[in-house]
């Protein structure tokens, strides 16, 4: 039984951890990394970027130019970024979350009017879109932005006034000086040296996008969509929705750690515990967890502050991941997590023989469980908090989040009441369960830090976990004579995990990043030859919307248009992996293939992107024979692997 439990849980985590991607599109660049400027002192201007989760900025693409006559600026001081290495562009420096750039004022204008500056930046979305250079015209404030009391605590800046002069100017850039910095990746990628205003067409409606086009969207967008949905309902429906969202969260791997915690509490009371007593302990645990979320809702309602940056900040994610690791090591038996003896003695004296003493301990475990799970379920939880912060109603915020906590705890109540009857008697088998849950803790810890881990180490981490678990299961040890079936099943599972771990290591060395397809970059039967050496498709170049419409109108075959750029990593991945997939090649043999290269980011390129409401490449556009109107429901944004794209092509071509 322990072996099968471990196998089921590990398989779900190793092969399903990435299935929580939300259904949303990339946001416009001015929303992905907006900037604001203010005076630090008479001689210094500060420019702060707030970078959305799953997005990043290139260090060598940041420039600051004066617009106010008489204002002269020196060389910006940009802190070191995080090194990012990929197979195509080499090593460069990027920034996540926030960035503060200081600019010396060499000469100030005589006028007392507010200064205006132009900030140029360029970044990408982890889901597979790289934006053209973005130009933002900013008014320099006299002081740093004000923060709410909770914002001061967590470092979240309050939402700016919609009328504040922070939006990008739509005028074409006047400067063509190359950005500072000499990152080799960007030099080889032929990134345009001139600054440019990125396309700022309104975001396409999410309802018109096919699931494939939204398969790799960032989790943070899910929060905004959830908040918008909730805002359209009445309060009774909102409370019901919060309870329902809690129920859904209860069936995610994030909540798995609560099950052994609660079961351990019930089992630890002894075999004579009644159902009423078990129900009381369980309700205490669940209510404490729900109250914790309610307090978060009250805080959000009082502050009006978006807590997303705090809950998903790398420091928070790493801290809770380390807590998962500590819990895992405890389950493995390296040490025992408990209060200091003096504290235990004091608590026992306070509790005496009263039942309330045990209930207090259970309530504390419920609070800690809510805190542990909080970052793991951050996207839907933050969506709820975002709605509450927008309403500004602290009381309703607390009630709504309390309903969410009750929803999460509802299945736990069933587990708690039935734990004594469902779980067999204590014995050596519990060590196996503890070890399996320890592996679950490690897997959750690694999944939790995905936003701050480089692609290479992301896959290596799963390989290490799989190989380590395989060794612990005895994959490298001979089976003893007469071994019983649990031992044999453990050996079989260990061998499978060992094979997966080796494949993941090999795939990581080859540049792959997907734990679900660690060997996706290799062609079967060719001795490990990368798919880059396979037959590739040939796309005919186009240069404008007018040319595209003419080519489509004259085509007697379906038309596929690849919108790409040299500086777009996901574009290179599409060409290297997806467009060389044998299924994709076969399906596109009778399709007219066109390519719009927006590497130069010229006015013609920007006009093309605006026309089709594309914020950045890659994007794949689909057209029927002779009809220049795009089949928007089939559009693909970002990278998609070969097998998935082949399935999408069959739907488009009517071959399903």
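Using the three backbone atoms N, Cα and C, a Cβ is placed for every residue, glycine included.
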TrEMBL lists transmembrane segment for one of the ranges 154-178, 179-203, 204-228, 279-303; which is that range?
279-303
Range annotated as transmembrane segment in TrEMBL, from 92-113, 114-135, 488-509
488-509
Quick one: which of 51-71, 429-449, 513-533 does TrEMBL have down as transmembrane segment?
429-449
If you count the other CB atoms within 10 A of the CB of residue 568 (disulfide bond), including all protein chains displayed, you should get 27
Tell me the Cα distance separating residue 124 (disulfide bond) from residue 571 (disulfide bond), rounded to the nearest angstrom.
12
In sequence order, which residues at least six apart in the same chain have a CB under 8 Å from the CB of residue 124 (disulfide bond)?
55, 56, 58, 130, 131, 568, 569, 616
With pairs 6 or more apart in sequence, are the transmembrane segment (315-337) and the transmembrane segment (455-476) linked by at least 3 Cβ pairs under 8 Å?
no
All chains considered, the count of other Cβ atoms within 10 Å of the Cβ of residue 571 (disulfide bond) is 27
Looking at the domain 'Thiol:disulfide interchange protein DsbD N-terminal' (24-140) alone, can you tell me the average pLDDT?
86
DSSP-wise, what's the residue breakdown of the domain 'Thiol:disulfide interchange protein DsbD N-terminal' (24-140) into helix, strand and coil?
7 helix, 63 strand, 47 coil
Test of understanding: give the count of other CB atoms lying within 10 angstroms of the CB of residue 130 (disulfide bond).
26
According to DSSP, folded down to helix, strand and coil, what is residue 571 (disulfide bond)?
helix
